[in-house]
Each structure stands twice: as structure tokens, then as C-alpha cells.
Amino acid sequence: MSDTQRTLIRGARLLGGPATDVLVDGETVAEVGTGLTGEGATVVEAEGRVLLPGLVDLHTHLREPGREDSETVLTGTRAAASGGFTAVHAMANTFPVADTAGVVEQVWRLGRASGYCDVQPVGAVTVGLGGRQLAELGAMHESAAGVVVFSDDGKCVDDAVIMRRALEYVKAFDGVIAQHAQEPRLTEGAQMNEGVVSAELGLTGWPAVAEESIIARDVLLAAHVGSRVHVCHLSTAGSVELVRWAKSKGWRVTAEVTPHHLLLTDELVRSYDPVYKVNPPLRTEQDVLALREALADGTIDCVATDHAPHPHEDKDCEWGAAAMGMVGLETALSVVQHTMVDTGLLDWSQVADRMSARPATIGRLPGHGRPVAPGEPANLTLVDPDHRAPVEPGAFASRSRNSPYRGLELPGRVTDTWLRGRATLRNGALV
Amino acid sequence: MKHHLVSAADLTRDDAVLILDTAEELSRVAGRPIKKLPTLRGRTVVNLFFEDSTRTRISFEAAAKRLSADVINFSAKGSSVSKGESLKDTALTLQAMGADAVVIRHHDSGAPHRLATSGWIGGHVVNAGDGTHEHPTQALLDAFALRRRLADGALGADLAGRRVTIVGDILHSRVARSNVRLLTTLGAEVTVVAPPTLVPVGVESWPCAVSYDLDAVLPDSDAVMMLRVQRERMNAAYFPTEREYARRYGLDGERMARMPEHAVVMHPGPMNRGMEITAEVADSPRCTVVEQVSAGVDVRMAVLYLLLGGAGPGDEEPKGATPRGAEATRGNRA
């Protein structure tokens, strides 16, 4: 990366507004205005395109170390750059689990080496995600990785005392516990949302109350000890009500929703195609509409992908034997445009808020989620909102192909991404 | 009929009646000294059983053999499946061996659907029970036995207006799911009866009534189907004790006496005598358990015949070898 690198983004609709020129000089935004000349700069003609701050994902599974057959830090960050992300939070459920300073530092260093996007490791709350003994949260925070977000994602911290202690403990360094809300006893053997469809298909039900009861408990715990709690991949209308209530009390609760829960419903499980098998499960139309509304009114703070790559053989099988999860980095913005922007629920400046500013704030990521203004880090994403094309997982930068949107026509295409002034994606191609 | 039989929902009323009529014709073969037809000669039927089953497997085996098909029994135990082979690779193996039909039983709901829609095999898929999803040939044999008892097995008849009560572990029962669909398709009015813990959330979308009170439903039932209740359900707190279950939802002589005189008692087997059904009821002439077993072979012959016999070697069979009725029903398919 050269300090003298200059880029002029010409005529982009900044946050969806009127055509604006943005001059990037080195790692920062130098000028924002109209009629900028930018002597010697690389010019990107961006007429009709929307310029956003680089997207930030609070919830990404990069799989390294341990499951490099499904994704690596390099392939995952390339997928992130393709999807317009400049920072991702790498979840802790790797092999070995990211429950020590050593593992989180390794992941952090792999991210630095990749150069495609910043990788902020998430630390495990408990040793081995076992839910019984706190991991060395302070050591992970003090490591080079500077961990702020802790999560046993994939497993719920179901023990109320452990959850209370974790919430209290991370107050010392402004940490946050990101809870995977899933009451384990209510979801033993669970395969899909419990309701009309599960009753017909004979698949063990995954009741909404298994998620909601944990959220209810955790917001009360967070209020009691005055800590920050973040709800991962909130998926039900009832969960929305609980978070709305907790926020009305002024409690420090934040929440995320995945793109797939904004679009897909459990009706798709009728195909028994495991590409639709995910944790938390796809819910009902009513839930989808409640989630969209909550993201629009700010009850849900942000969109997080829960990008969960799996090798083909783990999905090319019967439902019960299949792994849970979907890739999402490279389709997230398109799904958000489709479900939130094209429906009139969010404008582009609000998309920037939900997909960049707020997740960066929750994760305490300096340098991300900042306004596009002179002096700010040049983490930028350029989108062509008028592009429409069927999703083709074969073209993904991710190592895995388990996308539920295969063949589905979605709007919007990320054409360019800049990480601190350097293009990671240029005209749709990784750099 | 569709290419596969995965769910009772795959069958229209006319499909179902055709299967029952064909089974009625084919059952006459069972009364002959030589119980064999050349219809499926040269065809290969694979029984692919990932779950222990004796009754259903031998029933399908007998059905296929009586139609002269080559039968391969593939049991997951002691096979490459227990060495970690995937359903896909097993399916590709069977495809390479030229299986014309695969009769599959699997512990996972949806596995037959997956087999039928994944493109792994080209043959017909017959669901012989998948997880807690469906068991369509069981529903067909129940409908067959029911039609014989309640309508003298009249060809062309359905079950319009008959009131069938299904009692037991509805939540985990593939027999219940298939029967609710099929019996309703055939015009019956179905009521499921169980403790609320054993009724699925979402049952309100099923085309049946739901009751928690067996005694209230019995006097209005033309047939009562008792489902096997696994004792281990007790450990998961679905009900407090076996005794309480039997007291509230078991069928004994006293309760049976409150059923209409013509009403029959059914059970898919194997029975838990003393749990959902007492010996007095199980051994009474109103109980159709043994008829259901023989109906199973007839109905499975009909299913294999209709799926496989329509084209190919089945058409070249010598005249006179097929019962006249079966010939006629084949013509009806056009």
C-alpha cells in the first residue's frame, strides 16, 4: 500500500443522496464535494452507484483454525471484500476454540496477513464453549487481538450464573457478551421451527420460546448487573418484543438479525433440502415481517451475516445428517436491499447505519463505521443498486457454496470495496 | 399416480381407490395354491432399511416376490452404511446395480423425499417409513382393511363419512400422519386423541379434529386405531406413568363396549399389550390386527404393480397370468 495512492470516486450517490465526488488520499478520505479534480488520482466513474462506509459484520464464521476445508481466513475475507465488508468479527467456534489469547491472536494475525478486510476475533465466553468455566476473557482482551466481543456462538451460555458472571466480568474493559439464545433442553434434537410445517414434516420442532426465554433472562441479568448484552441472530417476533421492552427500560441491549431471517421462511423446509437448515431455524412469515419492522425502527440494531460455510458433503445428504448454516457474506447487501430498501423500510443512509456504524459501535471497532467525510478512514463500499442477477454460488470467493439463494434473482451488486484507501474489490473483481 | 410414493399426500382419491381395488384383485392370488404372478419378472426391487423393521420389510419382500421381482435386501446394519457411507453413495450404488424401485425405511424424516428428488437415483422410491414423518403404505393397508370391514371391500368404494379415531403418540407417529392424510383423502372424518403432550404444535392445520378425551369420542367412532406408545416416552415426561397412560388412553373391554357394535379396533403392530390395548381387546373379533398384516402384502403388491408394472416387462407377460381385475385396473390408469 502506497501512501501516495489517490482515488477519485466520481458522481457516486453518497449514502443514496445526490451525486458526489469523494477523493481518497492514502488511507483517508481527503475531500467530499462536487467537481473535484484529484490530480493524478485513479478515477472511478460511479454515476448511479451508491457509496456507503465499508460494511462491518458482527458475526462471521471463518472456520480457521480447524475447518479449512470449508473456509480459511483468506478465503473468508476475500468473500467479505466481495460482499462490501471492510471488517468482520470471526466467531470463536473453531478447532481449537478461540478461548485463549494464543488462538485469538493467531486469527487476528491471519486477518492482517490476508489484507482483504480487518478480522476482529470474537473470544469464547467459556472454556471450549463448554458453558461451565469462564475462559480467560481478560487475557484475550489484552492480547494483540484486543477482543471486546465474547460469544459461545453455536452454543448458548445456558447456565444463569455463568452468564451473570461473564456479563459482570467484561464490564472492566467495556466488553459485551453476544449470546446465542437457545435453551438447550427445549431444543434437544430440534431440526426446524416448531409450528405448522414441522407438524406436517415430522421434524423435531425448535420452539420460538427456546430463544425468547433466554433473551428474557439475559436482558434481566444485564439490567441487574448493568452490563452490555448483545443478542445474536434474533429470529422471532417474540424476541423482537422482548428487545423492544428491554430498550424501553434503557437497558444496554443490542441485537442483530441475519439476512436470511429477513427473507426466508420455514415453508422452504418442505423440500427437505438441507441448504435451508440453519441455527436458529427459518421461522414464519409473521416473524420475517416483525424482524423487518424491528430493523427499520431500530429495535434491532444491525444486520449480521452468520456466514457459516460448510463443505458440499455436509449439505448433500438427508436433512437429519446435514450441518446447520448458510454462507452469507456475498449476498448480505443484496438481501438487505431486496427486503429493506426496495420495500421502502430503510433508505441507504439507514443501511449504512445498520450494516456499518452500529455494528462497529457494538464491537468497539475504531476506524470502521465512520462517516464518509474528510479525515475519516477510507473504508468504503460502492454498490450498483440497479443491477439484478440470479445468485450463482459457483462464482463466490468463499470456499463454500451453501447458499440458500442459488438461482434467486436479487438486486444490487457490490462493485468496489476500499480498505483504508486500498481497493480490495475493483469493478467486481478481487484485487 | 406419481413416479414415487413418498407421502400419502402424493395420492389423489382416485389413486388411492385404484390401489385399494388393485390390492383387492391381487389378494385373490394369495388364495391360490401358487401365489405368484410374473408381472415384475426381470425387475429389481431393493429394500433399503436404515432402521430395524421385520414386519414391513418382510411384507414388502413377500409382495415383490409374489410379483416375481428380484428382491435385494439392504440392511444398514452390517453394511457399508455402518462404516459411514452416505445415503448418497448408497443410492448411487443401488442405481449402478439397476434398482427399478427402492423401498426405503430411514430414521430421518424426509430421507425418502431426498432420495426421490436429489437426482441420485432414477428408479421409483417407495417410503416404508421415515422418522416421524410418514408411512404411506401402512395408511393404505389400514384403509384397505377398513374398507373390507366397513364396506365389504367393494371395488370403487372410498371411506366417505366413516369416522376414524386415531389414539396415541400422534407427535412421533408416522402412521398417524399418513393416516390422517389418506383417510381424509378417502372421505373419512378423522379425530386424533392423545394427551396434549403427544399432539404436535401446529396440529391445527391438519385436516382432522383433536380430542384429549377418548371416552367422549368412542361412541361416535366407526374405527379406533390404537398406536403403539413407546415406554421410553415416559422418561421424557410426555406422561407420568404407564399406568396413568393406560387408564386415560388405553383401550380395554369396558371402553370397547361403548363403541358402536359395527366399529372395529385397529393396531399397526407391534402391540404393547397392557399399555395402549388390553389382551381382551387385542384378541377380540373386532380387532383387525391380523387382517392388517395380510392387507399389507396385498397393498404393497398393488403399489409395486402400479408403479413398476405399467411399462416394460410387465406388459409382455403371458395372457391369463394377470387376474382379470388387475388387467382392468391397469387399463383404468390411462
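Note that Cβ sites are derived from N, Cα and C of the backbone, with glycine treated the same way.
Predicted automatically and left uncurated, TrEMBL annotations should be read as such.
For the Zn(2+) 2 site that TrEMBL gives as A:HIS180, A:HIS233, the extra residue drawn from A:ASP153, A:ASP158, A:ASP266 is A:ASP153. For the Zn(2+) 1 site that TrEMBL gives as A:HIS59, A:HIS61, A:ASP153, the extra residue drawn from A:ASP287, A:ASP297, A:ASP301, A:ASP306 is A:ASP306. Checked against A:LEU62 (substrate binding site) by C-alpha proximity, the binding-site residues A:ASP153, A:HIS180, A:HIS233, A:ASP306 yield A:ASP306 as the nearest.
Residues A:THR60, A:MET91, A:GLY154, A:CYS232, A:HIS233, A:ALA304, A:THR305, A:HIS307, A:ALA308 surround the recorded Zn(2+) 1 site, their Cβ atoms falling within 8 Å of the Cβ centroid of A:HIS59, A:HIS61, A:ASP153, A:ASP306, which are themselves excluded. By neighbour count, meaning other C-beta atoms within 10 Å, the densest spot among the binding-site residues A:HIS59, A:HIS180 is A:HIS59. Put simply, A:HIS310 (substrate binding site) is 19 Å from A:HIS180 (Zn(2+) 2 binding site) when counted between their Cα atoms.
Geometry remark: A:ASP153 (Zn(2+) 1 binding site) versus A:HIS310 (substrate binding site), CA distance 16 Å. Max Cα-Cα distance over the annotated substrate binders (A:HIS61, A:LEU62, A:ARG63, A:ASN93, A:ASN279, A:HIS310) is 17 Å. Summary of the Zn(2+) 2 site environment: with the site residues A:ASP153, A:HIS180, A:HIS233 set aside, the chain residues having Cβ atoms within 8 Å of the Cβ mean position are A:HIS59, A:MET91, A:SER151, A:GLY154, A:ALA178, A:GLN179, A:ALA181, A:GLN182, A:CYS232, A:ASN279, A:PRO280, A:ASP306. Counting only the Cα atoms, the space from A:HIS310 (substrate binding site) to A:HIS61 (Zn(2+) 1 binding site) is about 10 angstrom.
Within 10 Å of A:HIS61 (Zn(2+) 1 binding site), as judged by C-alpha distances, the binding-site residues found are A:ASN93; the full candidate list was A:ASN93, A:HIS233, A:ASN279.
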